[in-house]
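Visitor: Got a structure for you, written out below as C-alpha cells; questions coming shortly.
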Amino acid sequence: MHRRRFLRSAGLGVPGLAALTSLSACKVGPTDVNAASASSGREQVIVVGAGISGLAAARHLADRGQDVVVLEARDRIGGRIWTSEEWAGVPLDLGASWIHGINDNPIAALAAKARARTVVTDPDSSTDYLPDGSEVDGAQEKAMERRQSKMEDALAAYQDNADEDASVRSVVERALRWSALSDDDKVLASFGLNDYEHEYSGSVNQMSALYFDSGADIKGKDVLFPRGYRQITDLLARGLPIRTGQVVKHIDWNSRGVTVGTDKDSFHADQVVVTLPLGVLQSGAVTFGPGLPASKRTAIDKLGMGVLNKCYLRFPKVFWPDTDWMTYIPELDKYGQWEQWINITRPTGQPVLLGFNAADFGRTIEGWSDTQIVDSAMGTLRTIFGSDIPAPVGHQITRWASDPYTRGSYSYNKIGSTPAMRDHLAAAVGDRVHFAGEATHRASYQTVHGAYLSGIRAAKEITD
Ligand SMILES: Cc1cc2nc3c(=O)[nH]c(=O)nc-3n(C[C@H](O)[C@H](O)[C@H](O)COP(=O)(O)OP(=O)(O)OC[C@H]3O[C@@H](n4cnc5c(N)ncnc54)[C@H](O)[C@@H]3O)c2cc1C
C-alpha cells in the first residue's frame, strides 16, 4: 500500500503504456473460465497462475495466435486481485485496491477500456489521532513531518555512504539517538517506522536500509475502483482457456518440452510461464526439474515476502470524519496496531471502514479468531471516537500470509537481497521456463502494474 503522506519518495518512473496488449483480437470466443477444455493435450504454452501477471501473459500470447492454457489452483481468477461480493451491492477489494499513480500506468488504460469507474483518494486528506484519541493539531503535525524527514534523510545518507546493509530500524534508531529520546518522541518515531511497514509490507527489523525503496516512484494520483478491481482481471481473462482448481505440484522440462503436473492432471507444452508468488516459490510447494539455477534459488531465498492485511468493518451509521484517511498513533506497547484506516464511505456510499495491519502485527493476528481481531480494532476506534460508537454489523478479514497460494501479500527488499535479484528471479531457464509476477519486476514490484508488465515481458520472450 503506497501512501507517503509524511515521507518523500525517490524513484525512477513507472514504465509506460507501450506494453499494453490489444484486447480486441481474442483468439478464443467468450467462455466461462471454468468451462475451459477438460483435456490435457499439448499446448504451445502453459501459464501457471491466473493473477494479473498470468492473465497479461496469456492475453498477449492468445492475441498473437499461440495455443495457451492457464492453470490456476483456486476456484477463482485474479490471485491477489480479489473483489468480494459478500455484501450485496458493496464490492470490496480484499487484495489490491489502488492503481498507484495513474500517469503512464497500463492499468489506468485497462480501466478506461473496461469502462471501470475510479475514485481518487488523497493521502493529504487525513485525520490523525494521538494515543489518547485526541486529534493531532497543526503544530504536532509539523513536528511529525520534521521527525519523519529526519528519518528519511538518515536512510538516504546511509544509502549514499554505507557499504554494508543494515535494517531500516537500526539505521533510524542510530540517527535519532533512540536511547536518549523521551517516550513521547519514541511513540512518534515508531509511528513513522510503521509507516514504512505499511508501504513496503516487511518488518523494519528485516527491511534493507540500502534497498527498501529501490522501486520506481509513483507518478500521478492514486485511484480505486468502487465496483471492484476484478473489472480489470475479468477484462483480461475474457475468452482465455483457464483451468481453475488445478494445483500445480511440479514443473519439469527437457529438450523436448515442458510437463506441468497438478493434483489432478498432467499438462504438456513447448514452454511455460510461471507466475507463482514469491511466497509460494519459497515454500517449496512446487518442485522444478531438473532444478533452478543457483542465482534464481538465491533470489528466492533472499528476497522478502511481506504482509499487509485488511479488516473491513461495516457499521449501522457513519461516526468518523469525511477525510479519506485516518491514522492512529499507538503507545509503544501497541506498536504497529491499527495505525492506518481508510474511509470507504465516499467510494461506496456505505458506512464501511477499512483498517490495515502490516508486517509483524499483520502476521500475528492471522492466528487470532475473527472476533478477537474485530475486538482489537474496536478497541482503537473506541479510544478515538468514544465508548458509545455502535458495534459493527459485519466484517471481512484477510489472512494473506496463511493463504497457501500466496503465503504473504507482496515482496520487499530484505537485508541480504539486492535489486539485481529481481532480474535473476525474472530470468528464463533454458528458453523453456519463463517467470513473471510482481516480485520479478525490478522497478515496480509490489504493484498490480508491475505484475502486469512482468507478464507481458515473459510473453514477449516467447513471441518476439
Ligand atoms: C492486501 C493487499 C493489498 C494490495 N494493494 C495493492 C494496491 O492497492 N495497488 C497495487 O498496485 N498493488 C497492491 N497489492 C499488490 C498486488 O495485488 C500484487 O502485486 C499483484 O496482484 C500480484 O499479481 P501476480 O500475478 O504477480 O500474483 P498473484 O495475483 O498472486 O497471481 C498468482 C496466481 O498463482 C496462483 N497459484 C499459486 N500457487 C499455485 C499453484 N501451486 N498452482 C496453480 N496456481 C497457483 C494463485 O492462486 C494466483 O492466482 C496488494 C496486495 C495485497 C495482498
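Each residue, glycine too, has its Cβ placed from N, Cα and C.
Just so you know, TrEMBL annotations never went through curation; they're auto-generated.
TrEMBL lists these features:
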DOMAIN    52-462  domain 'Amine oxidase'
BINDING   Ser53, Glu72, Ala73, Val248  FAD binding site
BINDING   Phe356  substrate binding site
Visitor: DSSP on Phe356 (substrate binding site), three-state: which is it?
Guide: strand
Visitor: Output: those binding-site residues from Ser53, Ala73, Phe356 whose CB lies less than 6 Å from an atom of ligand 1, in sequence order; none if no residue fits.
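Guide: With ligand 1 as the reference and 6 Å as the Cβ limit, the list reads Ser53, Ala73.
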Visitor: According to DSSP, collapsed to three classes, what secondary structure does Glu72 (FAD binding site) have?
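Guide: Its secondary structure by DSSP: coil.
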Visitor: Measuring Cα to Cα, tell me the gap between Ser53 (FAD binding site) and Phe356 (substrate binding site) in whole angstrom.
Guide: 25
Visitor: With the FAD site defined by Ser53, Glu72, Ala73, Val248, which remaining residues of that chain have Cβ atoms positioned within 8 Å of the Cβ centroid?
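Guide: Near the FAD site, beyond Ser53, Glu72, Ala73, Val248, sit Val47, Val48, Gly49, Ala50, Gly51, Gly54, Val70, Leu71, Arg74, Gly79, Gln246, Thr275, Leu276, Tyr405.
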Visitor: Ranking the binding-site residues Ser53, Ala73, Phe356 by other Cβ atoms within 10 Å, which is at the bottom?
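Guide: Output over binding-site residues Ser53, Ala73, Phe356: least Cβ neighbours within 10 Å is Phe356.
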Visitor: Have a look around Val248 (FAD binding site) and count the other CB atoms within 10 A of its CB, chains all included.
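Guide: 23, counting other Cβ atoms within 10 Å of Val248 (FAD binding site).
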Visitor: So if I measure Cβ to Cβ from Glu72 (FAD binding site) and keep only same-chain residues at least 6 apart in sequence, which ones fall under 8 Å?
Guide: Gly49, Ala50, Gly54, Ile242, Arg243, Thr244, Gly245, Gln246
Visitor: Could you state the whole-number distance in Å separating the C-alpha atoms of the residue listed as 'substrate binding site' and Ala73 (FAD binding site)?
Guide: 27
Visitor: Using only the Cα atoms of Ser53, Glu72, Ala73, Val248, which the record gives as binding FAD, return the largest interatomic distance in Å, rounded to a whole number.
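Guide: Between the outermost Cα atoms of Ser53, Glu72, Ala73, Val248, the distance is 17 Å.
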